[in-house]
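A short worksheet on the structure shown next.
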Amino acid sequence: MGLEPGLGHDLLARLLFGARTSFFVALIVTVSSVSIGVIMGILMGYFRGAVDSTLGRFIDFLLAFPAFFMIVALSLPMVQRLEATGLVEGNSARMTYLVIILIFFGWPYLARIMRSQVLSIRERDYILAARALGASQRRIIFKEIVPNLWTVVIVYLSLSLPGYLTAEAVFSFLGLGVQPPDATWGLLISDSIKYVISNPTYFLIPSTALILVVLTFNLLGDAVRDALDPRSEVS
């Protein structure tokens, strides 16, 4: 693949190293936001009442919030605050901030979906029968409700990962993520912009890699949804 213009770094090595960072951030955010979304959705849908009302208003607030601008505006002070703790510094602090803020704004979408699913499931005959037989709320949730949510969760996982890969690339491109000497795909694309005319290969390689990976996961997500969705047509 050649070398990076002006630096002499091996482009393939940087691409692979950048993929590790990008996938690490995307996986952590995806798993964490999905886990929180499932828990909150179950609480809202099953217990309803004050729990549903309070969490619902908080979710409405988060969904109405200009998340992108907040992520940009809070980047510098929050990274400095994280570094001041002494636990993380430099790129570790930037990655930590990006992971936390993406999780914070990411879980409400699935929570809404889970709430609707649980509201539907909790009134079905087998749930009513379990209550009549004296089953505890814990047993009803973990034995009767959660197994019926796996299809939605798996589909959402497969479709969320490419979204967070893209989000990480965008924020790294804007300088809010990992900085040199470390690498991510977004940072590679950002560095390659100034060479897009003189050396377009440097720009095309990380851009194409990101596009292909995101497209692959999107197609995989569609395939998983078609395979698991009971409402999909059988040809």
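Every residue number used here counts from 1 along the chain in the order it is shown.
Each Cβ is built from the backbone N, Cα and C atoms, and glycine gets one as well.
What TrEMBL records for 19-221 is domain 'ABC transmembrane type-1'.
Long-range neighbours of the transmembrane segment (23-46) within the same chain, counting only residues 6 or more positions beyond its ends whose Cβ lies under 8 Å from a Cβ of the stretch, are 52, 55-56, 59, 95, 98-99, 102-103, 106-119, 121-122, 137, 140-141, 145-146, 149, 153, 156-157, 160-162, 164-165, 167-168, 177, 184. Annotated transmembrane segment per TrEMBL: 23-46 (among others), in sequence order.
Residues annotated as transmembrane segment in TrEMBL: 58-76 (among others).
Among the features that TrEMBL reports, transmembrane segment is placed at 96-114 (among others). Panel annotation: around the transmembrane segment (96-114), residues 25, 28-29, 32-34, 36-38, 40-42, 44-45, 55, 59, 62-63, 65, 67, 70-71, 74-75, 78-79, 82, 88, 149, 152-153, 156, 160, 164, 167-168, 171, 176-177 of the same chain, lying at least six beyond its termini, place a Cβ under 8 Å from a Cβ of the stretch.
Look at TrEMBL and you will find 145-165 (among others) tagged as transmembrane segment.
The feature transmembrane segment is assigned by TrEMBL to 202-221 (among others).
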